[in-house]
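One structure is given here, and the rest of the page talks about it.
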Amino acid sequence: MSIATATFAFSLFATIAFAVPPETPRIELQAERGLGDKSYAPWQVDCPSNVTWIRNATTGLGSGERAYIEAREKLVQPVIEQMMAARGLETPPRTPNIGVALSGGGYRAMLTGLGGIMGMMNESTEASESETGGWLDGVSYWAGLSGGSWATGTFMSNGGQLPTNLLENLWNIDSNLVFPDDDKLSFYTELYTETNAKSDLGFPIQITDVWGLAIGSHVLPERYQLSNTPNLTFSSLPSVVSALGNASLPMPIIIAADRKRREAGELVIAENATVWEFTPYEFGSWAFGSQYKSPGAFTPIEYLGTSVDDGSPNGTCWKGFDQLSFVMGTSATLFNGAFLELNGTDSGLLTNLITAFLADLGEDQADISRIPNTFSNYNSGENPIYNLTYITLVDAGETNQNIPLEPLLVPTRDVDAIVAFDSSYDTDYIWPNGTALRTTYERAKVLAEHENTRVLMPEVPSMNGFVNGGYNSRPTFFGCNDTTTPLIIYVPSYPWSFAANTSTYQLSYENDEANEMLLNGMRSLTLNHSVPTWPTCFACALTDRSFMYTSENRSTTCQKCFDTWCWAGDDNTTEPATYEPVINSVPPWLVANNLSIGVADAPASNESTAGTASSGAAKADVSMGMVALAAGLGLML
């Protein structure tokens, strides 16, 4: 990094890390900026008289979401009929409500998750030949978290293009996410200009603003990237993306979690923390609180940032706070997790330097995302956040719920089936072990204590049970005969053709590597076209709830599928051996059950360690980047 760039980086990040926002936005500069609709910063508008500023979660779906899902259902129904007919299966008596959920895990999760999505797209020749392509057109909801939120943002904002096309024609993920290869001073100048404009209006800024703008400049449409007009809001997506305007894509949901501070000053991200969701229509939560849960509420996301007291605006209204890049950055605020990454570094000097930097950020709350609290003084008798100025949000994966299942488990949404793509870093070799599902199951038991806050999560095994049963190496159906919950089709990342166990903190990918990640993610869903019965069984699982099937009345074909792919309720809690799958191999369970054909034998050596080597390199890359960032902040040992 050049001296000039480092100096400017210092100015930028020092401003962000140590700025203290005023209690309410300043508006004296607004006249100079006009509407500001080409800027990252929010802009002032007249307060509308026909807006419901706070909607209690117990009232069901918001009007915008309800209208979208109704329009979506009309498009989904003929797709379901066509896909079922192609498998020789009966058309369900009602249209199933299907969701997909993409886990967190940085670029690894974005690429692997979008690969899984590609496995459901007819536009992919390989997915079409594997006979799972086409099902995405039958999906109503799409939820993303952290790296999965990047997948959500790039896919939705680009109108649902094939991910390999986005890689070839748009993404520049071969350039480091925070420290671009070209090292242009303009990158930092633009970051400073955009974030400073937001700060000048009195809104809180933090590293999340910079993080989000950087993400957007790598994966959002070029016209909305930092060097052009970084002003794409979440609420504007249905009006600027025709495929969302006419409900041709699933409705997107991005989630984050709140962070609390204990009396002793310890920063806490609890597994039972409030889960917040962003949609093109609303921001809010279905359940407020951590230790005690009460019914949550929602506010129109278009006016997020407006100061509201007990359901009424305080005279000044704002638009533009819901920048899509900011929402994506909020869902992927990984800085707390960086502490975990430091434990494996070899340099004590490096560790001390970055730890000091992160500790300062944590103390000043610059490593979280601050949202002006629209729910201030609302329902103060039951609302645990009624007296907060800001809602403080972090990466929801830090609750260990690294798959955004909860929004799709809410009874009001009536979701029938969820395809859950898991790219979590759970094991020593950066593969999933079911922690995300198990954590959500345990959380669901707490939420079920109150009727108005419950979510409908089927039972799943322990983490040891996932590994010992091989459930973390191939798709598994959960909740097969529990018709009170959605059926979950769990799709873990597995090295079918590539060592996809790269580090969460790998901030750049060469295009060839990214392409292999996408293809491997697709094959984790299609099973590399190696199991002839899989497309039929996948169809059975997606539509089962709409038939109200159980083992007593399910069709012979689908029951045979469920006998094969459903979790049988076993849970071997014995400590498993180290999980280290072999690249280019078939999951042992598929071989043992004589399900797979036409796949080459695994190589003699375990090449998945290449992924570990890649993770080590990634760790070095991000460490050097953090050193430069810390140096820019002028931190000294």
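Glycine residues also receive a Cβ, built from the backbone N, Cα and C atoms like all the rest.
Taken straight from Swiss-Prot:
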DOMAIN    46-572  domain 'PLA2c'
CARBOHYD  N50  N-linked glycosylation site
CARBOHYD  N56  N-linked glycosylation site
CARBOHYD  N122  N-linked glycosylation site
CARBOHYD  N231  N-linked glycosylation site
CARBOHYD  N314  N-linked glycosylation site
CARBOHYD  N343  N-linked glycosylation site
CARBOHYD  N387  N-linked glycosylation site
CARBOHYD  N481  N-linked glycosylation site
CARBOHYD  N501  N-linked glycosylation site
CARBOHYD  N528  N-linked glycosylation site
CARBOHYD  N553  N-linked glycosylation site
CARBOHYD  N606  N-linked glycosylation site
SIGNAL    1-19  signal peptide
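There are 20 other Cβ atoms within 10 Å of the Cβ belonging to N231 (N-linked glycosylation site). Regional average pLDDT for the domain 'PLA2c' (46-572) in the model is 90. Within the group of glycosylation sites (N387, N528), the Cβ with the highest number of other Cβ atoms inside 10 Å belongs to N528. Cβ crowding, taken as the number of other Cβ atoms within 10 Å, peaks at N501 among the glycosylation sites N56, N481, N501, N553. The glycosylation sites N50, N122, N314 differ in how many other CB atoms lie within 10 Å of their CB, and the one with the most is N122. According to DSSP, N528 (N-linked glycosylation site) sits within a helical segment.
Checked against N481 (N-linked glycosylation site), the glycosylation sites N387, N501, N528, N553 differ in C-alpha distance, with N553 being the nearest. Cα of N56 (N-linked glycosylation site) to Cα of N314 (N-linked glycosylation site): a distance of 20 Å. A strand conformation is recorded for N56 (N-linked glycosylation site) in the three-state DSSP classification.
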